[in-house]
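Working notes, beginning with the structure itself.
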């Protein structure tokens with residue numbers, strides 16, 4: 001190890017080495033010997049040259065300390081008499097800074113994607129508004145009958161619901177009714193029967209051949225007649241997109257680790273925006289469904305990729321808090337959604353309006369940096385060095401020389417490779433034969449390869465399943481709760497904001513496990529009040545209870561997220 005030299009009296013408290021040290025031949029020879037030792041110890045290590053002014057003028061006094069005679073060397077710094085070893089990426093990130101402008105800027109760009117996400121994923125009921133509708137009786141409409149006249153003659157009235165039937169009409173000869181006129185037809189409807197000998201069945205109904213929608217706007221429901229027997233196609237819009245989104249999530253982590261966070265985010269963000277605009281002009285239901293599926297997949301990849309990238313520029317202690325703050329734009333987008341839907345009624349203009357803010361993500365091609373952690377772990381040291389240098393400059397911090405940083409990155413990378421290879425060798429011997437896509441399957445296997453990991457994985461999956469099911473069920477249930485859908489959606493978003501800020505101190509002081517248990521219990525009790533309150537006040541507080549439940553549902557949902565990434 002290179003001996004630490006005492007600085008002259010005019011050196012700073014950090015122990016700066018003066019350029020006059022180069023005049024000492026023994027000191028220069030010592031640095032040369034260290035350089036030779038490092039280059040010979042690792043053939044694939046980057047070339048390191050320490051005999052330059054940058055190394056001598058570092059703000060911290062850095063030594064090269066040998067940790068393992070066979071494998072590793074790492075940087076050791078002396079600051080105010082205390083030695084700090086920079087042998088992990090977290091320590092390296094501390095040199096750049098974790099609470100500076102650069103960290104906040106990267107986090108802002110990453111977190112902003114959660115504003116665009118609810119505009120698409122929760123727009124289901126606004127794009128598919130279902131107005132009142134009845135069977136369309138064309139002969140009577142051609143005869144200039146009013147809608148009330150058509151309803152009274154052709155459409156059955158339900159005493160149970162107190163409304164006209166939406167999907168059936170009487171089996172009459174409506175061409176003959178148009179000739180007779182309304183007064184004679186309504187006075188004696190028997191003459192309109194197609195078969196006179198079936199008088200006792202004159203109340204027989206048949207399904208609608210065409211539909212009349214009592215609205216002045218267009219929705220996906222009115223566009224493709226998604227009511228009555230075609231109603232399941234309406235639900236398919238949401239279920240299909242989230243089902244395939246679930247399947248695509250299996251490959252998500254593998255793609256993010258293989259191609260990088262930034263590349264996946266930029267590509268998927270562009271495709272997300274393009275598909276959003278294409279969905280607004282989709283000529284067929286099949287194409288519209290396909291585009292909505294792609295929007296959901298790309299949305300998920302952008303969200304998770306930015307979530308990981310945003311947290312990787314912060315220290316471990318800060319990730320819990322920043323993970324909660326990451327979802328704040330989601331709540332803001334949640335509240336903005338009903339406002340946009342209130343102003344824009346036609347579904348194609350609404351789809352375009354909801355996609356328009358996502359154009360901001362095109363700027364990520366120039367502004368969003370790659371995760372320096374991912375670059376270091378994948379051996380891309382020069383790119384990582386540039387990002388870390390820019391980050392340190394923006395944070396107002398001074399880094400050691402490039403050669404020292406490159407060497408530290410190389411050692412961190414090599415250590416990660418050895419740990420990965422050891423784990424991979426153990427995993428391969430366990431599953432025996434996985435040749436193709438072995439890395440992917442090994443990662444999946446690592447979630448259940450021990451009893452403890454299988455138990456934790458099962459619990460987390462169950463928590464996510466229950467939280468997501470009830471969250472989306474309550475969020476998209478404004479019609480069944482008999483309340484104003486715009487106020488309902490706004491309240492749901494507004495109730496999420498305090499939950500994000502309350503979760504962080506709760507997790508910090510009570511722990512994740514206790515917080516999860518408590519919040520799931522309160523959520524279950526809150527949800528049970530919905531049917532009870534609907535019976536007591538069917539038109540009164542359903543929306544508020546639903547919003548209150550969203551408040552409690554989002555807490556364990558966020559808490560489960562922190563279990564994965566914090």
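In case you wondered, yes, glycine gets a Cβ from its N, Cα and C as well.
Caution: TrEMBL annotation is automatic and unverified by curators.
Within the model, the domain 'Major facilitator superfamily (MFS) profile' (176-566) carries an average pLDDT of 79. Taken from TrEMBL, the feature domain 'Major facilitator superfamily (MFS) profile' applies to 176-566.
Among the features that TrEMBL reports, transmembrane segment is placed at 264-283 (among others). Listed as Cβ neighbours of the transmembrane segment (264-283) (distance under 8 Å, sequence separation of 6 or more from its ends, same chain) are residues 113, 116, 120, 255-256, 291-292, 294-295, 298-299, 301-302, 305-306, 309, 348-349, 351-352, 354-355, 358-359, 361-362, 364-365, 368.
Per TrEMBL, the feature transmembrane segment maps to 289-310 (among others).
The feature transmembrane segment is assigned by TrEMBL to 322-342 (among others).
The transmembrane segment annotation in TrEMBL covers 348-367 (among others). Remote same-chain residues near the transmembrane segment (348-367) are listed as 109, 112-113, 115-116, 119-120, 123, 126-127, 218, 262, 265-266, 269-270, 272-273, 276-277, 279-281, 302, 337, 340-341 (criterion: CB distance under 8 Å, separation of at least six residues from the stretch ends).
Summarising the annotation, TrEMBL assigns transmembrane segment to 453-474 (among others).
Look at TrEMBL and you will find 486-505 (among others) tagged as transmembrane segment.
According to TrEMBL, the transmembrane segment annotation covers 517-536 (among others).
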